[in-house]
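Over in Swiss-Prot, the protein carries these features:
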DOMAIN    1-55  domain 'SF3 helicase'
MOD_RES   Y428  O-(5'-phospho-RNA)-tyrosine
DOMAIN    523-676  domain 'Peptidase C24'
ACT_SITE  H557  active site, for 3CLpro activity
ACT_SITE  E578  active site, for 3CLpro activity
ACT_SITE  C640  active site, for 3CLpro activity
DOMAIN    926-1051  domain 'RdRp catalytic'
Amino acid sequence: NKGKTFTSKYVIMTSNTETPVKPTSRRAGAFYRRVMIVDVTNNAVEKWKSDNPGKAVPKWCFNKDFSHLSLSLRGTEAYCKEYVLDPTGRNHQSRRAPPPQQVTLEQLAQKMVVQHTTNTSEFVTQAGDVPVFGFVCQNNEIDTVYNLLAAVKARYGANFNLYKGMVRTAHENSGCGAHVHVISREDNFRGKVFTVSRSRLESVPHLEGDSFRRSLGVVMSDKDVTTMFYYIKGKVINDQVNLTELPANQHVVTVHTVYDMAWALRRHLKWSGQWQLIKAAFEIMCYPDAAACALRNWMDSTDFSEEHVVTQFIAPGGTIILESCHGARMWATGKRLIRAGGITEAGGPQGGVRFAGLGARNVPWSEILREFMTLISHIWSQIKGATVVLTALTFYLKRFRPRIEAKGKNKNKGARKNTGVALTDDEYDEWRQYRTEKNLDLTVEDFLQLRHRAAMGADDSDAVKFRCWYSERQRNYHDLEDVTIIGRGGVKRELIRKGPLRPRGNDYYDEPDDWYSEGVIDGVAHKNAIVSVDDVDGMHKGYAIHIGHGVYISLKHVVSGNARILSEEPKNLTFTGELATFRLNNILPTAVPVGTSKPIKDPWGNPVSTDWQFKNYNTTSGNIYGACGSSCSLTRQGDCGLPYVDDHGVVVGLHAGSGGDKCPSRKLIVPYAKVDMRVRDTCTKQCYKDNSPTISYKGLLVKETGEPRTIMKGTRLHVSPAHTDDYEECTHQPASLGAGDPRCPISLTGIMVNNLQPYTEASPGPDTATLNRVSKMLTSHMEGYVQKSQTEEGYGSAFYMLNHDTSCGPYIGGRKKDHVKDGVLDKNLLDLLSSKWNRAKLGLALPHEYALGLKDELRPKDKVAVGKRRLIWGCDVGVSTVCRAAFKRVSESIMANHALGFIQVGINMDGPAVEDLFKRLERPKHDRYCVDYSKWDSTQPPKVTSQSIDILRHFTDKSPIVDSACATLKSNPIGIFNGVAFKVAGGLPSGMPLTSIINSLNHCLMVGSAVVKALEDSGVQVSWNIFDSMDLFTYGDDGVYIVPPLISSVMPNVFANLKQFGLKPTRTDKSDAEITPIPADEPVEFLKRTIVRTENGIRALLDRSSIIRQFYYIKAENTENWTIPPKKIDTPSRGQQLYNACLYASQHGEEFYTNKIIPLVQRAIEFEGLHIEVPEFHHAVAAYNGYFNGTEGQPNQIAFASGGLGLSSEVFEN
């Protein structure tokens, strides 16, 4: 066999040499570790040869079934029958070999199968060690002891596996019991050993109490007996009930009161786990029809006691039998079933009265002490246990009890009694529906009392009627259908759930059906698009994910066999390696985006590390082609099929296994591969085509669109006729106009390409683990003032909330108002919005494309000289409409509460809100840092943006429209210009919907991550919400940080961390000096404003140069020569602009106003033909104060200014 490669599972070699490899060989240790050696003899042949020398062996010495052979399995590393290898390699005859183990041919074959499965499984599910017991007896007593244990197993319905000898043939699946071996004294057994002193097989009727221990004469504690008889590995749920397999009941409980439920469940738990039953009891109290599902979910995450307890629950929705001992088994059925019988504690295998038993037996001292302590604490535990459970339940009920809310003047003084009750949305709907259907004049207070009486199990007629009505309502809500099934088992009626239950959420606002998911645990990404895959008998196998249009993906070993998804078989099942793609008639209301990049998060949002290199791995389900990763999440059986996502939140792989007990952090990930399922897409408008060739365009990798879209030339900014001679004195000029501009001859295309270069690479951002922690902290902080919101129902109302003066995006030319006439949308816009909305309703991502342009604005002269000009990202009107429908109310809530939070979007810097900022700036013993950032938009890490969008989603109703908006905004933006489409690798487009809020959330997340990292690098473990210790003002890239001394001491490290994240923090004056705290006697600058205290109060002063340049330039018709004054001036608008400039200038003092502003105004009136009077200084101050305090209406250019700056955003953006 030299040179041959063995490819079979099992290799059997025969040899006539007792020692195939000499013990002195270098390869002896490696060889004997890898083989099992069986010595084969034929006793009949040897005896014949001994008794009849020289005669032929007769045929009767051989049998066709090989039963004539005697098989002796050697111990590990036994190179001969007498000795094993010496680990030191010095004297190989110094260690005697253990006696060989006698096995049968069937046992040897089964041992080979078990050994092969164990050795070849790189990825397995986690499981605990199963207890092993051995009963040592004489060789002639093995059959007697085996039969006695088999009889006692049948008598008590035990769960253990019984074997003769050392060979174990049963697999350790969930629900299996302990391993019990009947062995001889020669066997080298590892486990708990009990020596049999006598063996007397008694009749089955006499196998009561301690009889099996007396019959065997073993010294064995009651705890060991319980573990041996009733140990259960893991947790298993059986929906198919077989009466012959059910354990005998110890307790029967009818589910109608909380006390009975709490008392029954208490028996199954340890003291450390009894608190977990409180929530289960409350849920069953409120939703009795869901008792079976609630118990399944509760059992899945509960630690059970080491005592053996069997309880039968009789609920309105069915019957549940729960057996627990270390693990648990449960049988659930929709029928009314009473399991007869019941082995009492006195009649169990542990025996009857402990110290006064009729039969004497040997009791170990540990057992005597344990029984004594149990006897002492018996009465006290009965009283104290009930008290603790009911006390905790009382607190739990008080937590969910509706509270009355004060109004008006009593808002902050507590609620007055009898002033009303605040209902939840569900309770309000129930009250209205019950009152309408029953035609009752029922008040809210009466309804709540009736609801709680019914939930607590009251038996009066009103409570009984309400329970019946509520059960029917819940059944309709879960889309249950009462059907008649005719099969081999006869005719039966069952409740079939037609709609899927959503995965469980960790939110008190979730619907009750969210509490009873059948597998997906809390925190799984894209849980609305995940559905359970079940076996034909209802057992959970794994998960499938909806990727749109009724197409699902899962794993081959999950959907193999008789798998059912949403109560139907998969159709058009296609396998790509281990990945399974199929169709279903039942389509989930939302879907997930899929891609082929590298994952950074596991299904629970924890960071995953992987080289993303694929090969075949041996698993318990065969060879699987995938990649190996590492994650801190603990997985379990049934998690296969859950998604791994990249930094954009796109599903790129599915969970296929873990490293088991040896390496639980090791994960096997199956990558996504695209399969053509002949899906007809619902969205026709898209410029970037994946199947079109990629070309290089002026150094950028782009795809051709076939539709040339040129960059707009010229500018609408003109020099004022009052300053044709001295405009060079102004610090700003219109941005570069392209190749013909003598100030900077770079073409507009060149400027565009230069601006897009930073978007070709993504910034690294914070590490995923820290980012996840800080995201939870920020979400928790915002929950105090941001409320949950609902999605807009139609695209019409969402569209009319948009700014109609902005671009329609890459698919339709012009502005939005150009396509609306008398409030009616034209056909082009209507068709586009309709197609986008129909796709968004399916939860699918929209094409994330923008029309690119260059901003027409004033720029500092030094930036004009080098051709620096900012980009305009014109968002698709369809994407804007969908995002407005999804997040409009959330954004309004954040903007309305800017005084309470960190995000200052929506603040009016020319109003009393500035006073609130000033108060927050004056926190004692805190340092203040003013920070600005260079190239903020292009340095935004995609994973941080994705996390910010998830925070916004947290405060929505998580509808398919929201899922579509999130998937769209998380995807890579596409920029369209000059007939090409450029895909952004990293960064945040300035024209993206909610760009100011998302930028501000990014700002908070990265500053928080930098602070946490700096503190922990310094040895301070951050175990609190970091946002409770600091205050922030963020508006996009502008930031002010108010931090305590602890954080201030590590601020240099914070800014260093921000640079590692890819950001470029600078001082507000853009200098290269180190960022230092602002002294207490110096003003703080925020949003281009200086916040100071003046004689008129707290004011946010606009920069003087920003005010002065208002007089130098006028916005008019488009031109290539901006140095020539415009032909026509809109004098009313221009007069209002300069009047506003006077008001802002008045806040800088009379000297500046009189010496600088009044001459500029007078000259503008003279040369521009304006019809305004120069406001006197005190009049200007009084007018601004009136606007500030809200006593006078604000002019248009103040009221409609963007960015909170207070002046025209078109001219005054820097």
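Backbone N, Cα and C define each Cβ position, glycine as well.
Location within the structure of each feature annotated in Swiss-Prot.
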| residue | record | Cβ within 10 Å |
| --- | --- | --- |
| Y428 | O-(5'-phospho-RNA)-tyrosine | 13 |
| H557 | active site, for 3CLpro activity | 21 |
| E578 | active site, for 3CLpro activity | 26 |
| C640 | active site, for 3CLpro activity | 24 |
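Only H557, of the recorded positions Y428, H557, C640, have a C-alpha within 10 angstroms of the C-alpha of E578 (active site, for 3CLpro activity). Residue counts for the domain 'RdRp catalytic' (926-1051) under DSSP, split into helix (H, G, I), strand (E, B) and coil, are 58 helix, 26 strand, 42 coil. Across the range of the domain 'SF3 helicase' (1-55), the DSSP-based residue counts are 16 helix, 4 strand, 35 coil. Confidence in the domain 'SF3 helicase' (1-55), given as mean pLDDT, stands at 84. Taking CA atoms as the reference points, H557 (active site, for 3CLpro activity) and Y428 (O-(5'-phospho-RNA)-tyrosine) are 46 Å apart. A coil conformation is recorded for E578 (active site, for 3CLpro activity) in the three-state DSSP classification, outside any helix or strand. Y428 (O-(5'-phospho-RNA)-tyrosine) falls within a helix when secondary structure is assigned with DSSP.
On a Cα basis, C640 (active site, for 3CLpro activity) lies 40 Å away from Y428 (O-(5'-phospho-RNA)-tyrosine).
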